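Inspection log for the structure reproduced underneath, given as structure tokens.
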Amino acid sequence: MRQSVVLTSNFAKSVVNLADVMYKEQLNTRIVLVAMETWADGDKIQVQDDLLETLARLMVYRREGLPEPSDATHLFSGRTFQSTSSGAAYVGGICSLSRGGGVNEYDNMGAMAVTLAQTLGQNLGMMWNKHRSSAGDCKCPDSWLGCIMEDTGFYLPRKFSRCSIDEYNQFLQEGGGSCLFNKPLKLLDPPECGNGFVEAGEECDCGSVQECNRAGGNCCKKCTLTHDAMCSDGLCCRRCKYEPRGVSCREAVNECDIAETCTGDSSQCPPNLHKLDGYYCDQEQGRCYGGRCKTRDRQCQALWGHAAADRFCYEKLNVEGTERGNCGRKGSGWIQCNKQDVLCGFLLCVNISGAPRLGDLGGDISSVTFYHQGKELDCRGGHVQLADGSDLSYVEDGTACGPNMLCLDHRCLPASAFNFSTCPGSGERRICSHHGVCSNEGKCICQPDWTGKDCGIHNPLPTSPPTGETEKYKGPSGTNIIIGSIAGAVLVAAIVLGGTGWGFKNIRRGRSGGA
């Protein structure tokens, strides 16, 4: 039965609100609807029976047809997909225009909220915990209903397991989710005092009465700042006053991240940025790429819990063009690596066995032993895929493969081929006048005593003491930060025309496939 546009919009908002409660209560993260399209006169994309095909088309439409900025775009569809699951999303795709999204099949309101929580969870780095939960590693607080990212329980889970919370925390610690630290400037619904967002006509908004009693209520009354108050919330607000310039408000989570400090004229911590791609890291063994330090060792540790294999393994196996050593697939066959590209091919590690920490293993682990220069070398690899189709079996783009050489699409290329941007005040041996770091936006982030576009102006910090102890980033288990992390999702609620109509699917199906 086809529903009206108004009813469809209200239904979608209710689903988002239910998912928001789950995230807010357990992860201190808000899910906020910033825009919505309802397709009443025909689909804007070709909605396929295949979930992943539809997801790929949605991401193209997002880049080319959706003007509203957002952290993720999700489709609610009335089509019954040919899949064991009722949702699909790109793992870790939040903040990416090409991977920040998901597709969710229609169900009743509660079931759809769980599916949305699952697909957004995948965007935020959470995995389907089949291996870990079956091994008893994941502590689910509700054995009857089960947990959101697990295939346990009987109906409509509302809790995240310890594994999911840890994976989200790890995702943030590794530099993922950098877009979550700013609040959206405009929400879909009209301004409302008490929703926790400062909107048109408001000076402040500390949230509900209960939330204001916990924090901000002394500075903000009925969305108006109290006498002499400068602010009521934010990592740079302390006792209703701005923290002085230079006070730390967000520590670097890894060596490719950039620590943020208060500006002295705002209650909000500056945008969460990371170092420009190309910076050296890990004692110059790796390079920063997308906010993470990329090395084969780190990739093997993340996937298998063991170190990367010796270079000799790559040189011997990846030139074979076989399942155990290659530079990708071509049809039903395998591509041989060119000699110069062997370090960018199939990922080879030592001592791996059993199931990978991420994704699903296809086939068996390959194991080869070489004797080289008086040593026994262990060379092992496995073909691992995520539910979204991502292949984790190969050395990642941006990984160092030689002096001033980086991997891209299984090829080892000069760093100059990446066309890394530069910042003002930077030269061959100088970055930001030696007084700052170059960010992923191509702007200098200056040391506390320096300012200017090129960090060339000396501007000493004031000597007055800070207003108080600074609250610092602790990840989703802390109570002091991620309430300010917003996953601003553009939901596209689609009415599918033709014979499909709205369907119903049991929640158990939505939790069994791991998409």
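Counting begins at 1 with the first residue displayed.
Backbone N, Cα and C define each Cβ position, glycine as well.
Those TrEMBL annotations? Automatic predictions, nothing curated.
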Disulfide-bonded cysteine for Cys446 as listed in TrEMBL, from Cys438, Cys455:
Cys455
Looking at TrEMBL, which of Cys249, Cys256, Cys288 bridges to Cys269 via a disulfide?
Cys249
Could you pull the average pLDDT for the domain 'Disintegrin' (190-277)?
90
If you measure Cys249 (disulfide bond) to Cys446 (disulfide bond) at Cα, how many Å is it?
15
C-alpha spacing of Cys269 (disulfide bond) relative to Cys446 (disulfide bond), in angstrom:
15
Can you tell me the three-state DSSP label for Cys249 (disulfide bond)?
strand
Taking the Cβ of Cys455 (disulfide bond) as the reference point, list residues of the same chain whose Cβ is under 8 angstroms away and which are at least six residues distant in sequence.
Gly425, Cys432, Ser433, His434, His435, Gly436, Cys444, Cys446, Gln447
Cβ neighbour count within 10 Å of Cys269 (disulfide bond):
25
